[in-house]
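> So that we are looking at the same thing, I have put the structure below in structure tokens.
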Amino acid sequence: MLLDEIKRMSYDELKRLAEDIRKKITEVVLKNGGHLASNLGTIELTLALYRVFDPREDAIIWDTGHQAYTHKILTGRDELFHTIRTFGGLSGFVTRRESPLDWFGTGHAGTSIAAGLGFEKAFELLGEKRHVVVVIGDGALTSGMALEALNQLKNINSKMKIILNDNGMSISPNVGGLAYHLSKLRTSPIYLKGKKVLKKVLEKTEIGFEVEEEMKYLRDSLKGMIQGTNFFESLGLKYFGPFDGHNIELLEKVFKRIRDYDYSSVVHVVTKKGKGFTAAEKDPTKYHSASPSGKPKMLSYSDLLGHTLSGIAREDKKIVAITAAMADGTGLSIFQREHPDRFFDLGITEQTCVTFGAALGLHGMKPVVAIYSTFLQRAYDQIIHDVALQNAPVLFAIDRSGVVGEDGPTHHGLFDMNYLLSVPNMKIISPSSPEEFVSSLYTVLKHLDGPVAIRYPKESFYGEVEFFLENMKEIDLGWKILKRGREAAIIATGTILNEVLKIPLDVTVVNALTVKPLDTTVLKEIAREHDLIITVEEAMKIGGFGSFVAQRLQEMGWQGKIVNLGVEDIFVPHGSRKELLSMLGLDSEGLTKTVLTYIKARSREGKV
């Protein structure tokens with residue numbers, strides 16, 4: 001595999017290989033979609049790292065995992081790389097199911113240092129001599145989990161090597177004090193000049209690196225006089241850098257030097273997000289996650305959120321918008337441009353975002369916390385303890401609910417409805433269309449008096465923003481009977497309703513816009529008219545909407561049969577939404593077969 005070949009290559013050959021990999025990643029990602037800019041920035045870093053450390057022996061952990069395409073190419077997946085993010089193909093993230101060289105599955109930011117500590121202690125207890133290396137971005141480093149683990153390194157005598165991949169970005173540009181501190185380390189002209197002079201003096205001596213080792217005290221004193229103790233050194237860690245993250249020869253020397261150090265060290269590497277692809281270099285946020293080529297520009301629910309909130313906020317000065325390093329992804333950059341003083345990007349800090357929103361709401365504001373469903377999981381305690389327990393008026397705009405698609409199991413939004421249903425005071429709304437989404441936002445914000453979650457998918461559609469805003473109105477958030485039939489009643493929530501409406505059977509169809517509280521008036525009406533009720537949801541079936549309906553029907557003393565359709569007890573793989581709904585039996589064809597089976601079975605029992 002390439003992993004062995006790179007150890008025999010000259011630096012000129014490595015540079016050519018880096019360009020070949022850059023070209024390959026660009027071509028495949030522009031075709032399949034994926035994380036382009038992040039991966040173009042870590043090619044040389046990965047080549048240098050794998051010349052010194054070996055993932056067959058050393059635990060190398062890629063935080064978030066979205067920047068590990070070169071790792072995949074080097075570790076035996078070069079021939080399959082064209083399948084990345086396609087159904088049945090390679091994952092866009094690091095996963096143990098794919099290769100034993102993927103030491104720890106990742107997809108969410110900030111987990112790598114804690115995982116590295118766990119592996120390090122396992123190796124120690126088992127008597128195994130292995131290195132632990134973590135590659136983490138400056139954006140992920142701002143997450144609470146990363147900082148918590150960083151704080152433990154000195155305490156448990158870790159020897160972990162942390163490669164800080166600093167490109168000044170997470171998805172959007174980084175924010176906060178730590179980002180400012182890293183920027184100062186990158187750009188301090190006095191320190192950089194002093195370091196350069198010291199390096200030249202050392203290079204002129206006959207014994208080079210040995211003298212540099214002996215003169216550590218002088219170097220550290222120089223750093224201390226110029227810029228004081230940096231953040232990492234204050235935690236008892238050794239800090240090296242910053243270094244050019246695209247200089248393979250330099251990085252290899254640095255990695256060799258720290259490999260056998262008997263203490264934790266941080267190597268600060270500065271890379272350029274989107275390196276080598278002009279469009280991505282100029283707009284790394286846009287190319288952080290590229291969409292497959294050939295798709296026409298369409299509106300998304302995220303776009304509508306930004307435009308809708310901006311419009312409502314012109315009249316309602318109490319509306320504020322909060323996100324966790326996802327201003328563009330959530331559509332809130334639209335709101336930010338018009339209302340910058342009421343927009344807050346708090347970095348990768350979902351827990352902080354929720355509690356920050358709770359306090360805003362408790363003092364008269366109308367906070368909208370917009371976070372992807374998969375990331376909101378990280379703030380479950382804050383949702384319960386800080387928001388719901390105090391009945392704080394906070395609107396959770398839960399983006400990417402349901403089957404997300406090519407990003408796979410780490411990013412599907414299949415748990416939010418389940419984990420929110422059990423929270424007292426929480427209202428849950430699941431619109432079935434863009435029109436319903438816009439009007440639900442308007443209605444909730446007009447009467448916000450406690451926690452409300454509006455969940456919506458990663459879907460695009462044709463339409464003009466003006467059309468949706470002009471038709472925005474206050475609506476009844478209850479259930480609606482859209483179609484009446486004789487053989488069964490189907491209650492669907494969310495955009496999966498559109499698949500249900502395609503079922504060519506004589507059934508009643510109900511749009512359950514509000515998941516919690518249940519619309520018991522409509523439910524009782526349906527229960528009186530039907531002996532077979534089927535619920536459909538694009539979420540985990542266990543403990544979900546269907547279970548909630550079944551419980552209520554049982555409490556009502558209903559004697560019919562209820563069937564819950566949703567995602568079974570599995571982690572859903574990656575693929576297009578169409579492919580995944582088909583696999584799950586939740587597309588119109590699969591639903592028709594399942595519903596017909598139950599209708600026939602009920603008919604044989606003489607119940608329909």
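Even glycines carry a Cβ here, placed using N, Cα and C.
Sharing the record's features from Swiss-Prot:
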BINDING   HIS66, GLY107, HIS108, ALA109, GLY139, ALA140, ASN167, PHE277, GLU350  thiamine diphosphate binding site
BINDING   ASP138, ASN167  Mg(2+) binding site
> Given the binding-site residues HIS66, HIS108, ASN167, GLU350, tell me which ones have a C-alpha lying within 10 Å of the C-alpha of ASP138 (Mg(2+) binding site).
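Checking Cα-Cα distances against ASP138 (Mg(2+) binding site), the binding-site residues within 10 Å turn out to be ASN167.
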> I need the least crowded one of these binding-site residues (HIS66, HIS108), counting other C-beta atoms within 10 angstroms of each C-beta.
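Per-residue Cβ counts within 10 Å for the binding-site residues HIS66, HIS108 bottom out at HIS108.
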> Any idea what DSSP makes of GLY139 (thiamine diphosphate binding site), helix, strand or coil?
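Note: GLY139 (thiamine diphosphate binding site) is coil by DSSP, not helix or strand.
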> Restricting to the same chain and to sequence separations of six or more, state which residues have a Cβ under 8 Å from that of GLU350 (thiamine diphosphate binding site).
ALA324, ILE371, PHE375, LEU376, ARG378, ALA379
> Quick one: give me the count of other CB atoms within 10 A of the CB of GLY139 (thiamine diphosphate binding site).
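For GLY139 (thiamine diphosphate binding site), the 10 Å Cβ neighbour count is 29.
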